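Colleague: Provided herewith is a single structure, encoded as structure tokens, for subsequent inquiry.
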Amino acid sequence: PGPRVRRKANDFLHRGEYSVCDSEEHWVGNLTQATDLRGNEVTVLPHVRINNVVKKQMFYETTCRVSKPIGAPKPGQGVSGVKAGTSSCRGIDNEHWNSYCTNVHTFVRALTSYKNQIAWRFIRINAACVCVLSRNSWRH
């Protein structure tokens with residue numbers, strides 16, 4: 001027999017395992033407005049100074065992947081994909097269940113400004129994409 005090939009950690013799709021909702025991760029470096037723990041709309045400052053070094057504020061977000069409709073428009077014609085909250089979850093029995101994928105949030109610290117006061121506050125960012133279920137009919 002030949003040498004064994006080591007399987008990658010992300011090769012799980014070959015085992016028949018799929019995510020119920022597709023998500024994507026990305027760094028956000030241009031966040032200007034956010035909601036804090038108290039529900040206030042605060043301004044996120046673009047840079048922070050730590051030990052006399054200026055750093056750009058970056059946030060790592062996970063969001064529901066926007067699926068493109070079949071027969072997507074050609075380049076230059078615009079794309080109106082399905083927004084999070086409108087696509088049903090994978091593997092759900094649509095005859096008995098309503099389902100949709102939606103973003104859930106977490107709070108992270110950020111340097112912000114609110115009512116002319118600059119402070120570190122917890123702001124809400126997208127943390128994951130989850131499936132929401134409800135019964136299609138209450139009859140069994």
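A Cβ is built for glycine as well, from the same backbone N, Cα and C atoms used for every other residue.
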Colleague: Going by Swiss-Prot, tell me which one of Cys89, Cys129 is disulfide-bonded to Cys64.
Modeller: Cys129
Colleague: What is the interatomic distance between the Cα atoms of Cys89 (disulfide bond) and Cys21 (disulfide bond), given in whole Å?
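Modeller: About 6 Å separate the Cα atoms of these two residues.
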Colleague: In whole Å, how far does the CA atom of Cys21 (disulfide bond) lie from that of Cys131 (disulfide bond)?
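Modeller: Rounded to a whole number, the Cα-Cα distance is 6 Å.
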Colleague: Report, in whole Å, the straight Cα-to-Cα distance of Cys101 (disulfide bond) from Cys129 (disulfide bond).
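Modeller: Cα-Cα, rounded: 6 Å.
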